[in-house]
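Here's what Swiss-Prot has on this protein:
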TRANSMEM  18-38  transmembrane segment
TRANSMEM  60-80  transmembrane segment
TRANSMEM  103-123  transmembrane segment
TRANSMEM  149-169  transmembrane segment
TRANSMEM  173-193  transmembrane segment
TRANSMEM  218-238  transmembrane segment
TRANSMEM  252-272  transmembrane segment
TRANSMEM  292-312  transmembrane segment
TRANSMEM  343-363  transmembrane segment
TRANSMEM  373-393  transmembrane segment
TRANSMEM  402-422  transmembrane segment
TRANSMEM  424-444  transmembrane segment
Amino acid sequence: MGQVHLHNRSFNKATSAGFLIALGIVYGDIGTSPLYAMQAIVRGQGGLANLSESFILGAVSLVIWTLTLITTVKYVLIALKADNHHEGGIFSLFTLVRRMRKWLIVPAMIGGATLLADGALTPAVTVTSAIEGLRGVTHVYSNQTTVMVTTLIILAFLFLIQRFGASLVGRLFGPIMFIWFGFLGVSGLINSFLDLSILKAINPYYAIHLLFSPENKAGFFILGSIFLVTTGAEALYSDLGHVGRGNIYVSWPFVKICIILSYCGQGAWLLAHRGEHIEKLNPFFAVLPDNMVIYVVILSTLAAIIASQALISGSFTLVSEAIRLKLLPLFKIYYPGQTLGQLYIPAVNFALWVTTSFFVLYFKTSEHMEAAYSLAITITMLMTTTLLTYFLIQKGMPKIAIAFISIGLFCIEGSFFAASLVQFINGAYIVVLIALAIIFVMFIWNKSHKIVMKYIKSLNINEYKNQLNALRHDESYDLYQTNVVYLTSKMDHEWIDRSILYSILDKRPKRAECYWFVNVKVTDEPYTSEYKVDMMDTDFIVRVNLYLGFRMRQEVPRYLRTIVTDLMESGRLPRQHQHYSITPGRKVGDFRFVVVEEKLMNARQMPGFERFVLQTKAQIKRITASPIRWFGLQFSEVTVETVPLVLSDVRNLEIHERLEQVDETEAPATN
């Protein structure tokens, strides 16, 4: 209890080191939005020549109040309280509320898929926007091809170093982002003095007035560009477990002030230069003196790389959580760092690299990428709001307060979603298609698990204890292994999969000193590591339930070593003396793991939809990792056996013996 209380204190406590870590991990995406957000707003109005004072004030006001209502109110003040044992993100939120309604898995899948799709586009748009600052350096910039090649090289380097972990360069993230936000704040403050009337934008009147003003050429759809300023808000919630709530509470005011100052500085510059004709204007770089541009390009590129790294790492975490929640197939996961949160998934890394590079080559400029950027993340935010509503209900908040919060958020985010729909034909359809593909895989994987559970037959192990005891003493069979371990996906008290007992007794009688039946249960808590043992009133049958958090590695052999030691020390399991061993006094025998895989066979009587789901799953499994690596069995003795999933329509085919004499010449011989 004391350790839990101490952990709660550290989670809610803010430190100077935690402040820097938060800057480096949490705010990369939202912190780089000044690179391109104002550029998109100006372009939507038709360029600098078409800007009026009321438009500029209204646009900056929309930026300020979007950051306030969505990022500050929804995520910092409300969502950060919805932590699952100090972990945040849409899947952590889902595990908190999934018992309230079965259908809540739908917004969880949609939100997770769109967040992954957004994670592929963000590195492309942030790095490209930073490199495009070279347009102000004439002796460096030649054409857009230079920007594209430079961007592709940086992205290639970024994805190639993922296998080594981010801990080494990660130590620099915080200080670099502190410099970045300091630059945003100072430069924004200085440029605000170009026209101090920009401070009027704090008044929300200008934001509301712009939405209905005839001067606003984009009309309601300007919200599609405005939303770019808060696309990183979801990442803020997802990274809760990495930095703690206290550090976010302390660091967000600093970050928000710096970002708002940057937008105000850009707005003041626009006020001072409105009416001018400047091609391909990016206010972020336009406010800078010419001799500073190259240095700011370098700094902004570093900030963009850090933002991209945070999203890549976040994608790895998101996929690993989805796997443990049985929403995605198994992928090989490596842990290159020394901390629990550092992981690397080669398949996901390669997919992100290819997709991000495709976006750079397809869209070519940040201008075209921005058009496709915000739609997916608006969907994610709407799904998070749906889950958040049920969390507030679960916590017993007054219904009036819940209605006020939920309706308000749905109206605001729904407006951004509707405004972003126009971007569908401008390239957002690609991101939506990627999200739909991920949703399809999630649906197939989740549904197939439920179908398999329905068809797996169970037997009461108590009815077979005598046979197992007789087999272990039957010396007419060679000793298969001292310990035989079966991993089972379904184990309810004394009931286990029929296929397992068939494997032990029928397929090839497996004589062993001890039979282990292990079931891994993923808990709603992220870092649970517990087990429960039932010896079935014997000293040779061990039922083990492993309770592992959804962020824990499912490395069964390592946990079994601890369990065996505990059972022998408590006297529940006899010591297994080994006559031959390089380890003096070894008291534990050898182990063999048997993985029984159900294959779809004889499924003619299965409903067509279920057959389609299982056949699709089988095709997907061909390109995913095997259970052997997932459960950490690659260095153990393993046997993989295949059994048919459906046996209901297996019957003898009707055939009769021919009794009369047959002239064999009637049947022509076949060659």
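Yeah, the Cβs are placed from backbone N, Cα and C, and that goes for glycine too.
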What residues elsewhere in the chain lie close to the transmembrane segment (373-393), defined as a C-beta under 8 angstroms and at least 6 residues from its ends?
70, 74, 78-79, 82, 90, 93-94, 96-97, 100-101, 104, 107-108, 110-111, 114-115, 117-118, 121-122, 125, 224, 227-228, 231, 233-234, 237, 401-402, 405-406, 409-410, 413-414, 416-417, 420-421, 423-424, 428, 431-432, 435
Excluding the flanking five residues on each side, which residues at least 6 beyond the ends of the transmembrane segment (424-444) place their CB within less than 8 Å of a CB in that stretch?
109-110, 112-114, 116-118, 120-121, 322, 327-329, 355, 359, 362-363, 368-369, 371-376, 379, 613, 616-617, 620
For the transmembrane segment (343-363), what are the same-chain contacts with Cβ under 8 Å, counting residues 6+ beyond its ends?
119-121, 123-125, 128, 148, 151-152, 155-156, 159, 162-163, 165, 312, 315-317, 319-320, 331-337, 369, 372, 427, 430, 434, 623-624
Looking at the transmembrane segment (18-38) and the transmembrane segment (292-312), are there 3+ C-beta pairs under 8 A, with each pair at least 6 apart in sequence?
yes
Please report, as numbers and ranges, the same-chain residues at least 6 past the borders of the transmembrane segment (60-80) whose CB is under 8 Å from any CB of it.
30, 37-38, 88, 93, 198, 200-207, 210-211, 222-223, 226-227, 229-230, 233-234, 236-237, 240, 245, 248-249, 252, 256, 259-260, 263-264, 267, 381, 384-385, 388, 392, 405, 409, 412-413
Given the transmembrane segment (103-123), which of the listed stretches 252-272, 292-312, 402-422 has the most Cβ pairs that are under 8 Å apart from it?
292-312
Who are the chain neighbours of the transmembrane segment (402-422) in space, where the CB to CB distance is under 8 Å and they lie at least 6 residues beyond its ends?
69-70, 74, 78, 220-224, 226-227, 374-375, 378-379, 381-382, 385, 388-389, 392-393, 428
